[in-house]
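See structure below.
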Amino acid sequence: MYASREDIGYDFGDDSKVGSKPIKPNPNIDGGWAWMIVLSSFLVHILIMGSQMALGILNMEWLEEFNQSRGLTAWISSLSMGITLIVGPFIGLFISMCGCRTTAIIGGILNALGWILSAYASNVHYLFLTFGVTAGIGSGMVYLPAVVMVGQYFQNRRALAQGLSTTGTGFGAFLMTALLKYLCTEFGWRNAMFIQGAISLNLCVCGALMRPLSPKELREKYVVRNDSEENRAKALSHSTETIKSNGVLGEEPEKKEEVANEEVLGNVQHIETGGKSGGGRSMFGLRLFKTVSQLTVTVRKGFALWYSSYFGAASLFTNRVFVAFIIWALFAYSSFVIPFIHLPEIVKQYNLSRQDNVFPLTSIIAILHIFGKVILGIISDLPCISTWNVFLMANFTLVTCILILPLMQTYIGLAVVCALIGFSSGYFSLMPVVTEDLVGTKHLANAYGIIICANGISALFGPPFAGWIYDITQKYDFSFYIAGLLYMVGIIFLLIQPCIQKKQSREKSTEEAQV
């Protein structure tokens, strides 16, 4: 899995095989249809992540409608957000077998169905199933392909492309907050969810735009990548050392799988030839058998890649820096989600509803979130800047804001902190870039599926935990303090593991030099 330099994306100093033949760059890499992929991903983020960031409006409606505790009601929103991300590893299996386009179209239909069925909810438990599970799974089936496709189509401007596409979250949070507030006021929350379900059908259009790259186009991208990644190799040298320490992993299982698949198709071709010579046999049955055989081969190859990524000898979990990245993701996302779900209620407690109606705090986060993703993406693409360092600095800023937010009880103070939260949370656009640098483009879908799964677990338990703390203390302060401290633990893991890996690599190099 990590055996080839083309997969990893780093230059280890041996250019004997790379660059010997000049290859004309594919116009669809970093240009052409790649920008349609960015547009598709941008719209997906508006319709999925933006809608989820606006669920604080519906959360207040559900509290009033069903008269349940804040902790129980918050499970509706957290289930939707959490499941969207938790299903990432399983969506990676769908992508391996069916491709991003088909997976996204099916997910769009499922997401719209979840919104529409939720309009007929009679209690919160009904919403757990329709909105939390159904709409959540549909969202996950669209979200992961939208991120993966941008990574496949871009090489030199990956951070900028991911930044532009994921700004849809900020635009969506701003637009959907206003839209849902208007729809709930004019038509009631049930009709609002029905209308939102109809709007969500546009996800199928976004999925149709996700035209897959051919194997030839992917190979051309890998060649270009090896000629342009020297700076990124230096910026993330610790992950390179991690991969080196894991050893060169053979590709014999994959070759054997391909040979077996070719034998299956060869037998089918032989049978079909015999069928043509024997007029008594049904050609329809042979064509059906051939189609089923080809589908079986596709499923076997997709499942083999998915299984080896998670459970095989070449598992992604052998990369220690990647494991530290997973631990960070388990604590990070809840610190971003909790303000979106509970800020409307906090504003109401502080008697700041009049100012918040003029310019909602969640809208401030959303707008600065847009600028943060674009600006951090541009900075990270600079040759002299390390994406990893930008990622860490943004995390430190965000966790600091989460810890001091409970101390702010005026609208101006809350607005300033929310602006910093919005800008620093722009590091989300760097997550696919960092993940791809760690594991390579080939395994990006499975690796990023694991990361967003960890984020989903964080989003699943964060808002209900904050609501439960409020039910006990009648204050949200401790919710932010505990979430911030756990977030800091995750950041420490990101700092410690690369340092340990570097030290071990240096000691190993010293021992080899002495020998």
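Just so it is clear, glycine is given a Cβ too, placed from its N, Cα and C backbone atoms.
The following features are taken from TrEMBL:
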- 33-55: transmembrane segment (TRANSMEM)
- 37-502: domain 'Major facilitator superfamily (MFS) profile' (DOMAIN)
- 75-95: transmembrane segment (TRANSMEM)
- 102-120: transmembrane segment (TRANSMEM)
- 126-148: transmembrane segment (TRANSMEM)
- 160-180: transmembrane segment (TRANSMEM)
- 192-210: transmembrane segment (TRANSMEM)
- 321-341: transmembrane segment (TRANSMEM)
- 361-379: transmembrane segment (TRANSMEM)
- 386-405: transmembrane segment (TRANSMEM)
- 411-434: transmembrane segment (TRANSMEM)
- 446-466: transmembrane segment (TRANSMEM)
- 478-496: transmembrane segment (TRANSMEM)
Q: State the non-local partners of the transmembrane segment (361-379) in its own chain: residues 6+ outside its ends, Cβ under 8 Å from one of its Cβ atoms.
A: 50, 53-54, 56, 159-164, 166-167, 169-174, 177-178, 339-340, 343-344, 347, 385, 390, 394, 414-415, 418-430
Q) the transmembrane segment (126-148) and the transmembrane segment (192-210): do they have three or more Cβ pairs under 8 Å, with pairs 6 or more apart in sequence? A) yes
Q: Name the range, of those listed as 33-55, 126-148, 478-496, that has the largest tally of Cβ pairs under 8 Å with the transmembrane segment (75-95).
A: 126-148
Q. Most CB pairs under 8 Å with the transmembrane segment (411-434): which of 102-120, 160-180, 321-341, 478-496?
A. 160-180
Q. If you average pLDDT over the domain 'Major facilitator superfamily (MFS) profile' (37-502), what do you get?
A. 78
